[in-house]
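Novice: Encoded as structure tokens, here's the structure I'll be asking about.
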Amino acid sequence: MTTPALLPLSGRRIPTLSPGASSFPHHRATLRLSEKFILLLILSAFITLCFGAFFFLPDSSKHKRFDLGLEDVLIPHIESGKEGRHGGDPRRAGRCLGARWYGIRADHERALQEAKQKLRKSKKALLHEIQTEKARVAQELKKKDVPRSLPPVPMPKLVGVNDGDPGEPDVKEKRDKIREMMKHAWDSYRQYGWGHNELKPIAKKGHSTNIFGNSQMGATIVDALDTLYIMGLHDEFKDGQEWIEQNLDFSVNAEVSVFEVNIRFIGGLLAAYYLSGQEVFKAKAVQLAEKLLPAFNTPTGIPWAMVNLKSGVGRNWGWASAGSSILAEFGTLHMEFVHLTYLTGNPAYYQKVMHIRKLLAKMDRPNGLYPNYLNPRTGRWGQHHTSVGGLGDSFYEYLLKAWLMSDRTDAEARKTYDDAIEAIERHLIRKSNGGLTFIGEWKNGHLERKMGHLTCFAGGMFALGADGSPGDKAGHYLQLGAEIAHTCHESYDRTVLKLGPEAFKFDSGLEAVAVRQNEKYYILRPEVIETYWYMWRFTHDPKYRQWGWEAAQAIDKYCRVGGGFSGVKDVYSSNPTYDDVQQSFFLAETLKYLYLLFSSDELLPLESWVFNTEAHPLPVLRLANATMPGSQAKR
């Protein structure tokens with residue numbers, strides 16, 4: 001993730017003294033200022049007196065207004081006696097007025113008595129009363145915020161929600177080890193960070209980042225649910241479900257990342273719903289999605305990067321090019337939003353993501369490439385920087401997966417993906433002097449020969465999209481996926497810890513090696529293991545299981561600590577320091593892909609499930625003869 005640069009301080013200048021000038025004013029100037037100050041005080045006192053007289057002295061107009069108020073009180077009583085408004089009995093009116101004043105006085109006395117009783121209570125008792133009242137008000141607000149009942153929809157046919165036993169004892173033993181690692185990560189979070197977004201496993205306390213705002217939204221719980229379910233950890237799954245039912249509240253004053261909340265929370269909740277059938281997950285996903293919709297209120301319909309869940313106010317990251325939105329963020333909503341429209345019947349979600357697609361289709365693309373930045377106000381590209389890693393990656397992934405999720409009927413998505421990959425292959429993909437295939441980054445007409453760990457997901461994407469490629473290119477793209485997998489394995493194998501760095505270069509005689517210190521860290525990322533799993537599914541080459549097991553052993557040896565798992569700051573050091581963060585995606589993605597790598601292909605088969613970019617499986621929507629609400633074309 002790109003680190004934002006520090007903003008400059010305010011441009012206002014601080015006045016300075018000229019050389020040789022005294023820092024103290026002359027005495028005569030002080031005298032003149034004092035006289036003026038006294039005159040100003042007298043004048044302000046006079047004005048205050050006038051205003052006081054105006055507001056507090058008796059005023060006949062005020063009495064008239066008060067009388068009108070009393071008349072409103074008396075009219076119902078007079079009219080109830082079938083008397084005209086001006087012909088009522090004044091004695092009866094007087095009695096009504098007296099009764100009214102008596103009631104006010106009685107209320108006043110009662111309030112005084114209650115106040116006296118409260119003052120006699122201990123501080124502890126008063127605090128308890130305050131907390132009880134706050135809890136009551138919070139519950140009432142939650143009831144008001146409950147989403148409307150959702151229409152019944154047919155559940156897609158779910159295939160492969162089973163044990164996935166691999167059969168071979170040695171493979172099963174490795175899978176059991178991955179399950180034990182998941183148990184250690186979850187139990188540590190349960191003990192030390194429960195309800196917080198993430199965990200600091202060394203400090204043994206909760207952790208959060210600005211992508212989740214300032215609230216405790218239990219990101220690790222939501223992100224880990226489907227992994228727990230797939231691994232058969234059903235007691236842990238129930239604990240997570242209970243927390244979500246009782247504590248997950250989106251009516252908080254928190255500014256969150258639309259992208260991160262979509263892929264982790266909405267994706268995680270939808271996957272948990274499809275796997276378990278528990279309605280609470282669907283209801284919570286819809287409740288959150290409604291909070292994200294205001295982010296699309298921009299001149300172009302390209303959403304802001306962040307939105308306040310309470311106020312609906314959106315904005316972009318301060319470090320993004322000229323206030324731009326980011327391609328990988330606004331381009332990674334399609335899968336979840338299509339499922340939201342399917343489950344709710346509300347066309348808004350589908351329309352929002354299709355509008356983004358149509359807008360991008362009309363725009364010029366330099367060299368056929370999509371720049372990473374787009375201004376949501378003007379609809380113009382920002383800095384011409386194209387990447388298949390951070391800032392760009394999952395945009396391309398979701399083009400392919402939109403086609404797969406539509407049961408291969410969304411031809412527009414497939415064509416857009418094929419065109420984008422053709423441009424990427426022409427301008428970004430190269431072979432190093434040592435024969436390693438890598439994907440560089442295009443910056444203002446220049447290819448930077450550097451590849452990020454995030455880019456390593458592309459090996460799996462090329463393999464996943466091979467079937468259905470135009471012409472006879474299926475074999476070519478499967479081979480390209482294998483070459484990317486090999487390069488990324490080399491980035492792991494050329495380190496001391498056998499864990500991959502955040503980024504690695506291919507120049508000056510160095511290949512697949514990090515150069516800068518701030519690129520040598522490993523934060524429990526999943527992308528390399530993700531590619532191993534896809535390559536295993538499509539080729540069954542045993543080397544992918546071997547490479548995955550090497551990575552699992554290195555994680556268990558160097559990242560495991562007493563309170564969970566932590567990232568490391570230097571994969572080239574034999575004594576690395578920890579970053580003390582157990583990322584939620586470690587449970588959602590890294591451990592899930594490892595578990596699937598050592599399971600049979602019958603567990604979540606790719607013909608029936610499509611994984612979002614946070615590894616949350618969503619079922620293929622077989623809608624060949626149906627129309628999505630709000631769409632024009634048959635799906």
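The chain as shown is numbered from 1 upward.
Positions of Cβ are set from backbone N, Cα and C atoms, glycine also.
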Novice: Suppose you had to name the range TrEMBL annotates as coiled coil; which of 73-104, 105-136, 137-168, 553-584 would you pick?
Specialist: 105-136
Novice: How does the region 'Disordered' (146-171) divide up by DSSP, counting helix, then strand, then coil residues?
Specialist: 3 helix, 0 strand, 23 coil
Novice: Across all chains shown, how many C-beta atoms besides its own are within 10 angstroms of the C-beta of Glu527 (active site)?
Specialist: 23
Novice: Return the member of Cys456, Glu502, Glu527, Thr613 nearest to Glu260 (active site, proton donor) in space, with distance defined Cα to Cα and candidates limited to these recorded positions.
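Specialist: If we rank Cys456, Glu502, Glu527, Thr613 by Cα distance to Glu260 (active site, proton donor), first place goes to Thr613.
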Novice: Spatially, which candidate from the recorded positions Asp393, Glu502, Glu527, Thr613 is nearest to Cys456 (disulfide bond), comparing Cα atoms?
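Specialist: The smallest Cα gap between Cys456 (disulfide bond) and any of the recorded positions is with Glu527.
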Novice: What does the structure give for the C-alpha distance between Asp393 (active site) and Thr613 (Ca(2+) binding site)? Integer Å is fine.
Specialist: 9
Novice: How big is the gap, in Å, between the Cα of Glu502 (active site, proton donor) and that of Cys488 (disulfide bond), rounded to a whole number?
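Specialist: With distance taken Cα to Cα, Cys488 (disulfide bond) is 11 Å from Glu502 (active site, proton donor).
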Novice: With an 8 Å cut-off on Cβ-Cβ distance and a minimum sequence separation of at least 6, pull the same-chain contacts of Cys488 (disulfide bond), or say none.
Specialist: His453, Cys456, Gly459, Gly500, Glu527, Val528, Thr531
Novice: The coiled coil (105-136): mean pLDDT?
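Specialist: Residues in the coiled coil (105-136) carry a mean pLDDT of 74 in this prediction.
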